[in-house]
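Reviewing the structure listed below.
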Amino acid sequence: MLLVLLSVVLLALSSAQSTDNDVNYEDFTFTIPDVEDSSQRPDQGPQRPPPEGLLPRPPGDSGNQDDGPQQRPPKPGGHHRHPPPPPFQNQQRPPRRGHRQLSLPRFPSVSLQEASSFFQRDRPARHPQEQPLW
């Protein structure tokens, strides 16, 4: 059991160490926007989903142009279809309360020798002639 655990840890450490040079920790940082997000451009208001059943229109669009079929709220009775969720600009999530920035923890680098010596400390060293022959 200990051998399996040691193998898994060593494999994880070796793969993490080999990819550590390519990893940029800022890639794993994401932001949960808040209702009044200061990163938005000043000409934009807070991004909120449009009322159900209505399509958002870009500013300056008079609405007289034919943009294809319009979505309408479902009529009472019959099949109840839910409209697809509205697209958000820049694929952001809807605004939420608070502005938090979450990131993955940064662990120190550990060499394979350090990991194996950590597991070898707990049991006494065996000499080759003391090992059972099975």
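Note: Cβ is positioned from N, Cα and C throughout, glycine not excepted.
It should be emphasised that the depicted structure is a prediction, and the values quoted were computed from it without experimental measurement.
What Swiss-Prot records for 1-16 is signal peptide. Feature annotation from Swiss-Prot assigns region 'Disordered' to 28-134. Here Swiss-Prot flags 47-59 as compositional bias 'Pro residues'. The annotation compositional bias 'Polar residues' is assigned in Swiss-Prot to 110-119. Positions annotated as compositional bias 'Basic and acidic residues' by Swiss-Prot: 120-134.
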Over the span of the compositional bias 'Polar residues' (110-119), count residues by DSSP class, listing helix, strand and coil in order. 8 helix, 0 strand, 2 coil
Are there residues at least 6 beyond the ends of the signal peptide (1-16) whose Cβ is under 8 Å from a Cβ of it, and what are they? 110, 112, 115-116, 119
